[in-house]
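Residues or ranges marked as ATP binding site in Swiss-Prot (evidence: sequence analysis): GLY10, ILE11, GLY12, LYS13, SER14, THR15, LYS39, ASN180, ARG181. Taken from Swiss-Prot, the feature Mg(2+) binding site covers SER14, and the record attributes it to sequence analysis. Annotated [4Fe-4S] cluster binding site per Swiss-Prot: CYS95, CYS129, in sequence order.
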Amino acid sequence: MKIAVYGKGGIGKSTTSCNISIALARRGKRVLQIGCDPKHDSTFTLTGFLIPTIIDTLQSKDYHYEDVWPEDVIYKGYGGVDCVEAGGPPAGAGCGGYVVGETVKLLKELNAFYEYDVILFDVLGDVVCGGFAAPLNYADYCIIITDNGFDALFAANRIAASVREKARTHPLRLAGLVGNRTSKRDLIDKYVEACPMPVLEVLPLIEDIRVSRVKGKTLFEMAESQESLNYVCDFYLNIADQILSCPEGVVPKEVPDRELFSLLSDFYLNPTLSEKENTLSPSSLDFMMV
C-alpha cells in the first residue's frame with residue numbers, strides 16, 4: 001500500500017506522517033517513509049537528524065546507480081520505520097517531480113520499492129503542480145492534513161482537485177482528512193458537507209504535538225517517558241487502523257474556488273446566534289456587565 005500525504009505548508013504534515021508511520025509499524029507492518037521536500041526534514045522526528053538525501057547521494061556517485069547501496073540512502077528510524085529523503089533541486093531551478101521520480105527509480109533499482117507493506121510519501125506543502133503531484137502517480141490513497149481554518153481548508157480543496165484529476169488515469173482514492181491540532185471542527189464539518197469525504201481523525205490542540213517536532217521525537221517516543229501522552233498516540237493508531245482496513249475512499253468533487261471562498265468566509269462573517277454565544281469569552285462578558 002502506498003499513501004501520499006498533502007496539506008497546507010506548516011500545517012504539520014511531517015509530524016503527522018511520522019506518527020502515522022510509527023502507528024502502522026506498531027500494527028506489525030514494514031513501513032518506509034519518503035520525504036518529498038527540498039528541506040529534507042520529513043523524517044527528522046523518526047531519526048533525530050537530517051539524513052542525506054537521494055539527490056546528494058546520487059551526485060556524490062556521479063549518478064551511477066549501480067554504485068549506490070540500500071544503506072547509502074535508507075536509514076532506520078524509531079520503531080523500525082525506514083526513512084528516505086528525496087531532497088530537491090537547487091532553489092529556483094529544476095523540478096521537484098523529477099526528484100521524486102529519480103527516488104522511486106533508485107529504490108526500484110535497489111529492489112527496495114516493493115519490500116514494504118506500506119510506503120508513505122510526505123509531500124511538500126500544498127503545491128499541486130504537475131511536479132509535486134508526482135507522488136499521486138504511485139499512491140493508492142491520499143490523506144490531506146488540515147486544521148479548522150480558512151487557509152488550510154482552501155488548500156485542501158485544491159489538493160482534492162488534484163486527486164480527482166489523477167484518479168482519471170490512476171487507481172487513486174482520497175482516504176480522507178486529518179484535522180491537526182484543533183480545538184474545534186465546525187469549519188471542517190462545513191467543508192466536508194459541501195465536498196463529501198471522510199474525516200479520519202481530529203487531533204487535539206495540545207502543545208506536545210508541536211514540541212515533539214522541536215525535540216526530534218515522535219509522540220510515541222515521548223510517551224515512553226510521559227504516559228499522559230498515550231491517549232494522543234491512540235489517535236494515530238486509529239488512523240492507521242482505518243488505512244489498513246483498505247477503505248473504499250472517494251474521488252472528491254472539489255468546490256469551485258469562488259463558491260468555497262463564499263462558504264468559508266460566510267462562516268466567519270455571518271455566524272449563527274449559537275456560534276456568536278460560543279465566541280463570547282469571560283473577559284468580554286465582564287465588559288458587558290453594568
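Just so it is clear, glycine is given a Cβ too, placed from its N, Cα and C backbone atoms.
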For this session: Round to a whole number and give the Cα-to-Cα distance in Å for the pair GLY12 (ATP binding site) and CYS95 ([4Fe-4S] cluster binding site).
Result: 23
Exercise. In Å, rounded, how far does the Cα of SER14 (ATP binding site) sit from the Cα of CYS95 ([4Fe-4S] cluster binding site)?
Worked result: 21
Seminar exercise, completed: Rounded Cα distance in angstrom between LYS39 (ATP binding site) and CYS95 ([4Fe-4S] cluster binding site) is 14
Exercise. How many other Cβ atoms sit within 10 Å of the Cβ of GLY10 (ATP binding site)?
Worked result: 10
For this session: Would you please pick out, from the binding-site residues LYS39, ARG181, the one with the fewest other Cβ atoms within 10 Å of its Cβ?
Result: LYS39
Seminar exercise, completed: If you count the other CB atoms within 10 A of the CB of SER14 (ATP binding site), including all protein chains displayed, you should get 23
